[in-house]
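Participant: Structure in structure tokens, see below.
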Amino acid sequence: MAIKLKNRWLGVAIPAFLVALIGYGSHYFILSNFLSWNEQIFYQTCQTMIWVSYYLAIYTNPGIPPKDFKPSAEEWHNYCKKCRVYKPERAHHCKTCNQCVLAMDHHCPWTLNCVGHSNFPHFMRFLFWVIFSTAYLLFLLIGRIYLLWSIRHTAFHHRSTSEIIFICIMTPMDAFVLLTVSSLLGRCIYNQCLHGMTQIESWEMDRIQSLHYKNRLLAQVIDRLVERRPEILPAKQHEINKLLSKRYVNQEDFTNFPYDVNPWTNINNAMGPWYLWLWPWSKPPTIGTSFAKNELFFYDPNSSIEDMLMSLPWPPDGLTHHSRALGSGSSIETIVSGGEQVIRDKSVDLRDRLGRNSWYNDWGEDLSDFGVDTELE
């Protein structure tokens with residue numbers, strides 16, 4: 001669920017306070033008692049990398065569409081009335097940043113900035129350095145705890161009350177930050193690297209799967225295909241009718257997320273070449289107005305209707321605002337079987353009546369929770 005803060009500056013103040021308290025408090029009261037000079041330099045280098053990457057994630061613009069951008073025929077045409085520019089594929093208008101953002105992932109309350117095409121590598125490096133530093137610190141703290149525990153019954157003059165107090169405070173705090181930030185990095189890796197998706201596109205996939213589960217997706221994507229490729233009729237009408245008459249069709253057989261090429265290509269598209277992943281100022285390899293696509297996306301007029309459907313831009317049902325009406329909405333279903341009438345209660349999902357801009361996933365997240373200005377979608 002998206003986090004919303006009453007005072008937006010707390011989004012930066014809280015992480016900065018935790019980084020400073022855990023990083024420098026642990027060094028001064030604990031690590032300086034037993035680490036060598038070189039080890040302390042290495043530790044502080046990691047702390048510095050946190051601050052550098054955090055600064056860049058905050059102050060680097062996530063990417064603005066060029067004023068003269070013109071979408072290709074293979075994309076949905078989506079014009080932003082506020083920015084007065086066509087949005088490139090994967091771009092959205094952020095209601096907080098008040099701009100269209102290239103390959104918008106989400107608006108992050110912890111950076112007071114959108115995470116988009118241009119600053120996604122900085123955001124990922126920030127998460128990486130926080131995890132690496134807190135994991136390294138936790139390793140040192142656990143080792144120190146073990147040592148102090150093993151010599152607890154011996155008389156030694158190096159025992160420090162302040163060190164023991166700060167170990168008791170810093171260890172659980174450090175572990176908490178490590179676990180929470182690791183879960184966020186894991187989500188980013190799962191979406192961007194394994195599936196080539198932004199968080200918004202992952203939400204969109206949930207919506208598409210929900211439409212398919214309700215048997216409402218196939219007819220909509222066929223409508224979109226016919227609108228874009230009217231020349232396929234009447235030659236493909238029989239194939240379309242046959243497909244619609246099937247009792248069940250797997251979603252993977254007619255929908256395709258075009259930006260999922262393979263994990264290695266996905267991560268290089270987002271982060272740049274591997275040897276620059278940890279370089280603080282490295283950028284993505286493209287300007288963010290077009291992206292590599294998998295082979296299923298490319299249209300072939302001689303292919304099957306299923307393959308043609310896979311060539312639709314994302315999302316395949318189009319950038320629609322309203323969904324089709326669904327009858328009376330009654331939860332009572334009547335079935336006649338073997339001469340007997342059976343009446344049963346059929347659960348109704350209230351989301352069935354919602355369009356794209358109002359639909360929410362199982363976490364309660366809608367497009368606006370990711371920072372998207374839904375009035376301009």
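Note that Cβ sites are derived from N, Cα and C of the backbone, with glycine treated the same way.
Predicted, not measured: the structure shown is a model, and the values here were computed from it.
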Participant: For Tyr43 and Leu185, give whether Swiss-Prot records them on the same side of the membrane.
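Facilitator: Leu185 and Tyr43, as annotated in Swiss-Prot, occupy the same side of the membrane (identical topological domain).
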Participant: Which whole-number mean pLDDT does the model give the topological domain 'Lumenal' (31-122)?
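Facilitator: The average pLDDT of the model in the topological domain 'Lumenal' (31-122) works out to 96.
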Participant: For a three-state summary based on DSSP, what are the helix, strand and coil counts in the domain 'DHHC' (78-128)?
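Facilitator: Secondary-structure composition of the domain 'DHHC' (78-128): 9 helix, 16 strand, 26 coil.
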Participant: To see if you understand the setup: which same-chain residues, six or more apart in sequence, place their Cβ under 8 Å from that of Cys108 (active site, S-palmitoyl cysteine intermediate)?
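Facilitator: Non-local contacts for Cys108 (active site, S-palmitoyl cysteine intermediate): Gly11, Ala57, Cys114, Val115, Phe123.
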